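J.: To start, I am sharing the structure in question, which I have written as structure tokens.
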Amino acid sequence: MFSSIEEVIQDIKEGKMIVLVDDEDRENEGDVIIAAEKAGPEAINFMATHAKGLICMPIIGERLDELEIHDMVTENTDNHETAFTVTVDYRGTTTGISAFERAATVKALIDSVSKPSDFRKPGHIFPLRYREGGVLRRAGHTEGSIDLTRLAGLYPAAVICEVMNEDGTMARLPQLLEFARQHNLKLASIADLIEYRRRKEKLVVRVTDAQLPTMYGDFVAVAYESLLDNKGHIALVKGEWEEDEPILVRVHSECLTGDVFGSRRCDCGEQLETAMSMIASEGKGVLLYMRQEGRGIGLLNKIKAYKLQDNGRDTVEANLELGFPADLRDYGIGAQILVDLGVRKMRLMTNNPKKIRGLEGYGLEVVERVAIEMPHKPENTRYLRTKKEKMGHLLASL
């Protein structure tokens with residue numbers, strides 16, 4: 001259904017248009033996209049005639065600031081925070097609306113000799129400010145189009161236009177598939193672009209390390225920072241190992257209530273203690289402590305979820321009622337940390353099959369699943385049963 005990101009990058013590099021589709025949980029829309037430096041009047045006319053949506057120009061903020069093109073509003077209340085700026089026309093145009101004159105404005109916006117006085121405001125080109133970090137920060141067409149131009153080695157700007165149906169409604173995936181087929185355009189998804197970038201780019205940096213004596217023995221605490229959200233993650237490392245040696249690993253998501261306060265609503269604290277004890281007994285291994293509180297929803301939202309559970313929802317229902325998926329965690333950052341530590345094969349301490357799939361999806365090999373099942377208690381039996389029945393956790397005692 002979707003072309004590979006490699007194929008799409010090649011088309012962008014060659015000056016061809018593609019269709020980029022976002023997630024069905026977001027807008028579920030498709031935009032025709034072309035690199036700005038490849039966008040001539042023919043491409044603009046195609047968008048106006050066949051795509052029929054609003055023709056916009058994603059571009060990096062640095063260039064917008066150089067040209068003194070400011071945001072359209074000071075307080076953005078758009079549902080998806082689409083970062084429109086004041087519209088512009090190149091001063092060398094007349095009305096600015098024709099395909100030829102819009103193409104001229106696009107070219108002027110990326111021309112290094114252009115200066116702020118070369119543009120009239122308002123105009124007929126709608127610049128969109130790119131959020132640095134791209135689709136890894138915001139999964140929108142603005143970021144997706146710029147990421148593709150950068151991956152193609154072109155100037156970080158694009159021209160995009162939403163695809164509308166003949167009846168004026170927005171084209172969804174079935175119609176977008178037909179549109180792409182009819183016009184011989186490759187179709188790509190932002191989800192695939194996110195996955196591509198996560199696989200190809202290093203998204204964590206090692207900050208420092210220090211000795212950490214614990215009640216379970218001596219570890220080395222290695223601190224990492226994610227380049228996606230600036231969160232810090234900690235790996236507790238014990239011993240040394242050969243490159244191909246399967247290492248005992250626990251990827252543990254932060255749980256303040258369980259790990260620190262000893263909450264009996266979950267089994268997280270006991271799992272943390274058990275994992276550290278097992279690694280210490282083994283003499284080598286890694287405990288990776290990820291800042292993914294509440295399966296990724298954060299501490300305050302987790303307490304809100306607890307309140308909903310007090311009122312009868314289970315842990316999955318509570319997340320959904322708050323507007324979150326059952327599990328927001330992504331294992332790409334954790335996988336990159338493990339690779340940086342020299343882990344290639346692991347004996348993974350987990351009850352969660354999704355965690356195994358998530359880590360293996362980034363090239364790590366899980367040679368064995370080591371169960372880390374704690375005795376359930378009256379306060380957490382329902383929670384654990386929900387994880388087994390609705391999330392597929394492997395819990396033999398329930």
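For all residues, glycine too, the Cβ spot is worked out from N, Cα and C.
Computed from a predicted structure; not experimentally measured.
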J.: Which one of Gln271, Gln336 goes with Arg250, Val251, His252, Ser253, Glu254, Glu293, Gly294, Arg295, Thr315, Thr350, Lys355 at the GTP site, as Swiss-Prot has it?
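T.: Given Arg250, Val251, His252, Ser253, Glu254, Glu293, Gly294, Arg295, Thr315, Thr350, Lys355 bind GTP in Swiss-Prot, the matching entry from Gln271, Gln336 is Gln271.
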J.: Filter the recorded positions Asp31, His124, Ala139, His141, Cys268, Asp327 down to the ones within 10 angstroms of Glu254 (GTP binding site), Cα to Cα, kept in sequence order.
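T.: Matched recorded positions: Cys268, sequence order.
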J.: When you measure from the Cβ of His252 (GTP binding site), which residues in the chain that are at least 6 apart have a Cβ under 8 Å away?
T.: Cys268, Gln271, Leu272, Ala275, Leu287, Leu288, Tyr289, Met290
J.: May I have the list of same-chain residues other than Cys255, Cys266, Cys268 whose Cβ is within 8 Å of the Cβ centroid of the recorded Zn(2+) site, in sequence order?
T.: Ser253, Thr257, Gly258, Asp259, Ser263, Arg265, Asp267, Gly269, Gln271
J.: For the region 'GTP cyclohydrolase II' (200-398), would you mind checking the mean pLDDT of the predicted model?
T.: 94
J.: Spatially, and counting Cα to Cα, which of the recorded positions is closest to Glu293 (GTP binding site)? Options: His124, Glu162, Cys266.
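T.: So, spelling it out, the nearest of the recorded positions is Cys266.
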J.: So of all those recorded positions, His124, Arg250, Arg295, Arg329, which one's Cα sits nearest to Ala139 (D-ribulose 5-phosphate binding site)?
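T.: Among His124, Arg250, Arg295, Arg329, Arg329.
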J.: Just the number: how many Å between the Cα atoms of Asp31 (D-ribulose 5-phosphate binding site) and Cys255 (Zn(2+) binding site)?
T.: 40
